[in-house]
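Okay, so here's the structure we're looking at.
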Amino acid sequence: MASFPLLLTLLTHCAGSWAQSVLTQPPSASGTPGQRVTISCSGSSSNIGSNTVNWYQQLPGTAPKLLIYSNNQRPSGVPDRFSGSKSGTSASLAISGLQSEDEADYYCAAWDDSLNG
């Protein structure tokens, strides 16, 4: 079977249309089936540095689905191929054993304390 690249589109979470984007992700990542891919998410002390990170997966034509919560917790039904981690003001999502159905948009999200009030 021929291997083919999978494109994982990474979208930065914005807290409302009026808010400045505060988390930074690379525009895309790709890999071939079976590979391990890591997606980074960079923030600051007011968001990732002091709050937990969630990750969402949006498959084409569907609503976003919670993939990882509280930095590294998987909801029931999410395969253990997906794992999350956080260190300082950065977080990452790792997908091991990449599969064709993983081709999707991935969002990182964290509350930003500077948006209060």
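Positions of Cβ are set from backbone N, Cα and C atoms, glycine also.
As annotated by Swiss-Prot, compositional bias 'Polar residues' applies to 24-35.
Under the three-state DSSP scheme, CYS108 (disulfide bond) falls in the strand class. As annotated by Swiss-Prot, disulfide bond applies to CYS41-CYS108, with the evidence given as sequence analysis.
Residues or ranges marked as domain 'Ig-like' by Swiss-Prot on the basis of sequence analysis: 20-117.
If you look up Swiss-Prot, you'll see GLN20 marked as pyrrolidone carboxylic acid.
Look at Swiss-Prot and you will find 24-45 tagged as region 'Disordered'.
Remote same-chain residues near the region 'Complementarity-determining-1' (45-52) are listed as 22-23, 69-71, 86, 88-91, 110-114 (criterion: CB distance under 8 Å, separation of at least six residues from the stretch ends). Residues annotated as region 'Complementarity-determining-1' in Swiss-Prot: 45-52.
Under the heading region 'Framework-2', Swiss-Prot lists 53-69. Long-range contacts of the region 'Framework-2' (53-69) within the same chain, counting only residues at least 6 positions beyond its ends with a Cβ under 8 Å from a Cβ of the stretch, are 41, 75, 78, 82-84, 86, 91, 93, 101, 103-110.
For 73-108, the entry in Swiss-Prot reads region 'Framework-3'.
What Swiss-Prot records for 109-117 is region 'Complementarity-determining-3', and it gives similarity to another entry as the kind of evidence.
Long-range Cβ neighbours of CYS41 (disulfide bond) (same chain, at least 6 residues apart, Cβ-Cβ under 8 Å): LEU23, THR24, GLN25, ILE48, VAL53, SER90, ALA91, SER92, LEU93, CYS108.
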